[in-house]
Amino acid sequence: MLTSLTDLCFSPIQVAEIKSLPKSMNETNHSRVTEFVLLGLSSSRELQPFLFLTFSLLYLAILLGNFLIIVTVTSDSRLHTPMYFLLANLSFIDVCVASFATPKMIADFLVERKTISFDACLAQMFFVHLFTGSEMVLLVSMAYDRYVAICKPLHYMTIMSRRVCVVLVLISWFVGFIHTTSQLAFTVNLPFCGPNKVDSFFCDLPLVTKLACIDTYVVSLLIVADSGFLSLSSFLLLVVSYTVILVTVRNRSSASMAKARSTLTAHITVVTLFFGPCIFIYVWPFSSYSVDKVLAVFYTIFTPILNPVIYTLRNKEVKAAMSKLKSRYLKPSQVSVVIRNVLFLETK
């Protein structure tokens, strides 16, 4: 009986190992994860309609509130200042933060099996770090704007020129892009061939890396170090900036300083609401998944909806501009004409 060349050159054990290689490779290719299952906020089917209605209304409020600020700042020449330019850009980023995962989450409330493709999952991880990283740097830019306005008022318009404001916004997007690219570099080549259930309503990087087929302890540390560095450095810069500003405001007792205190209160509130959940999730990564879900909802839903409320309710200039905008485009006579035309069309 003839033997093969393989049997002649290798021992029986080596032959068995060589013959098993194609089979194991095929099994790996066939078992590669092509989609992830999102467990969502709750597994209760009875809660799904309630959650669908609640988050649909919240998302609609986010869009209306933030776009209202953008339109108000753009249309009113009195608000064409560095502070409101940065505020309009913050509103735009808030819309982006709320939109990368919320529409998918709302749609998933209507289906029993919540799945997301591998590529879409990577896209969600890319955009969440792009938008949140950009917002962190933009909040630092807004703190710098308030520092110049209060501590160096005579040089404010010279320092915070239009060109400087545009550069600050571009820097925030650039830092966000570098941050998210470095985060995905740790993840994009990880092998996913087993579990595919993500215990959240979107693909969050720490949760997805835990599903890889290899030990991801070092990768998780690098992810935490990257996010922690950006979060803590931005937060410390904000703390230092606002401390200097508050000391300056305290030493001056004038009517203009009272306005500065009101503005500062709004800024500090927004910073606390945004950085609190981010730092807790990424700098303290050993918290329970249920806590992470609540905090993820907070910085993707509630922070974007609270920003317009905080900045408008405490700002007389923005409220006056919105009233002017309302009187210009929503006059009672115009509204009645529109309603009459709609009713006339329905009766035809």
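Each residue, glycine too, has its Cβ placed from N, Cα and C.
Taken from TrEMBL, the feature domain 'G-protein coupled receptors family 1 profile' covers 65-311.
According to TrEMBL, the feature transmembrane segment maps to 50-71 (among others). Within the same chain, residues 41-42, 87-88, 91-92, 94-95, 98, 102-103, 105-106, 109-110, 301-302, 304-305, 307-309, 311-312, 318, 322, 325 sit at least 6 positions outside the transmembrane segment (50-71) and bring their C-beta atoms closer than 8 Å to a C-beta of that stretch.
With a cut-off of 8 Å between Cβ atoms, the residues of this chain six or more beyond the transmembrane segment (83-102) that come close are 55, 59, 62-63, 65-67, 69-70, 73-74, 124, 127-128, 131-132, 134-135, 138-139, 141-142, 145-146, 149, 162, 165, 168-169, 172, 201-202, 263, 299-301, 303-305, 307-308, 311, 318. The annotation transmembrane segment is assigned in TrEMBL to 83-102 (among others).
Among the features that TrEMBL reports, transmembrane segment is placed at 122-144 (among others).
If you look up TrEMBL, you'll see 164-186 (among others) marked as transmembrane segment. Beyond the transmembrane segment (164-186), the same-chain residues lying 6 or more positions past its ends with a Cβ under 8 Å from any Cβ of the stretch are 82, 85-86, 89, 122, 125-138, 141, 144, 205, 209, 219, 222-223, 226-227, 230.
Per TrEMBL, the feature transmembrane segment maps to 229-249 (among others).
Per TrEMBL, transmembrane segment is recorded for 261-284 (among others).
Per TrEMBL, the feature transmembrane segment maps to 296-313 (among others).
Sequence-distant neighbours of the transmembrane segment (296-313) (same chain, 6+ residues past either end, Cβ-Cβ under 8 Å): 41, 55, 58-59, 61-62, 65-66, 68-69, 87, 90-91, 94-95, 97-98, 100-102, 128, 132, 200-202, 204, 266, 269-270, 273-274, 277-278, 281, 319, 322.
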